[in-house]
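Taken from Swiss-Prot as is:
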{"type": "BINDING", "residues": "H238, D240, H295", "note": "Fe cation binding site"}
{"type": "BINDING", "residues": "R305", "note": "2-oxoglutarate binding site"}
{"type": "DOMAIN", "residues": "214-314", "note": "domain 'Fe2OG dioxygenase'"}
Amino acid sequence: METAKLMKLGNGMSIPSVQELAKLTLAEIPSRYICTVENLQLPVGASVIDDHETVPVIDIENLISSEPVTEKLELDRLHSACKEWGFFQVVNHGVDTSLVDNVKSDIQGFFNLSMNEKIKYGQKDGDVEGFGQAFVASEDQTLDWADIFMILTLPLHLRKPHLFSKLPLPLRETIESYSSEMKKLSMVLFEKMEKALQVQAVEIKEISEVFKDMTQVMRMNYYPPCPQPELAIGLTPHSDFGGLTILLQLNEVEGLQIKNEGRWISVKPLPNAFVVNVGDVLEIMTNGMYRSVDHRAVVNSTKERLSIATFHDPNLESEIGPISSLITPNTPALFRSGSTYGELVEEFHSRKLDGKSFLDSMRM
């Protein structure tokens, strides 16, 4: 049975609101927000951020086309994007623009609430669901220059009653609709990935079956202006844990960067597009064929940035490991099997973010 223990998303600690801190117009940021050298936006010896390369773009209309040649070309693009980049943008995805506009305005409205209102949705001791910060594992840990609101949306019976049902009505209705649309989009991508991977017919549904009764979590991110952006980080470099993440940029301020061949590349969201990335669990299931990659959020000194990341992960009781038909004498298993997704959730969220350290712990 799925238990409340399995769905406690980590060990959150009470941290001051960065949004409120930014209102103090500080000349210098507190020491807890100063990054280690390797996590600075441009650490000594790092490659210059490349603004000329762009992540691949996948056209969903072509991906689901009834014309075999059109579908095959887009499948090849999807397969290449997952292997070479681990990130891509999707266009012509079918999500109504009015819903996207509501997501943008309602989340902005939430972060515009007074602190007294937002704290009603604050994280409980030992859990990161709610308003606060994620992945704070110790009192001396460097903190991200961001506030978040994290909420589990699927499965329905595991929603926290003190959170979802208490959200302001417009936001609650918007998140409900958005949750449904994101699940539909993610399932299209999972099913097409199966086809692109050309796994054996007996296992052709192995990926989509694992995600059919998915765990879905949303994280709304608020990155306020920072007086010393060169010393801070909005989101520590890391790879995502689960299956697929679908990110929506809520305003025009850029900040997402991905690591590709040792260089940090700024992602410039296309109009009416979503940014999608492969998570650690999907890398494990594809035995390393599809890549989860390090990414981070940087901040600036003048403008706030907002986004919402929707994580699409397996159901809690699914056993996670490489798909057996992808294991051959020439491609032996790279990752261990045997743990359920629920067990891995607890392990992952008990850590601080640290690159791909969790995935590395799963290697054979």
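Note that Cβ sites are derived from N, Cα and C of the backbone, with glycine treated the same way.
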Show which residues of the chain containing the residue listed as '2-oxoglutarate binding site', separated from it by at least 6 in sequence, have their CB under 8 Å from its CB.
N221, Y222, Y223, G234, N251, V253, E254, G255, A297, V299
What average pLDDT does the predicted model assign to the domain 'Fe2OG dioxygenase' (214-314)?
95
Which of H238, H295, the listed binding-site residues, has fewest other Cβ atoms within 10 Å:
H238
How many helix, strand and coil residues does the domain 'Fe2OG dioxygenase' (214-314) contain under DSSP?
6 helix, 45 strand, 50 coil
Long-range same-chain neighbours of D240 (Fe cation binding site), Cβ under 8 Å, sequence gap at least 6?
N277, V278, G279, D280, S292, H295, F311
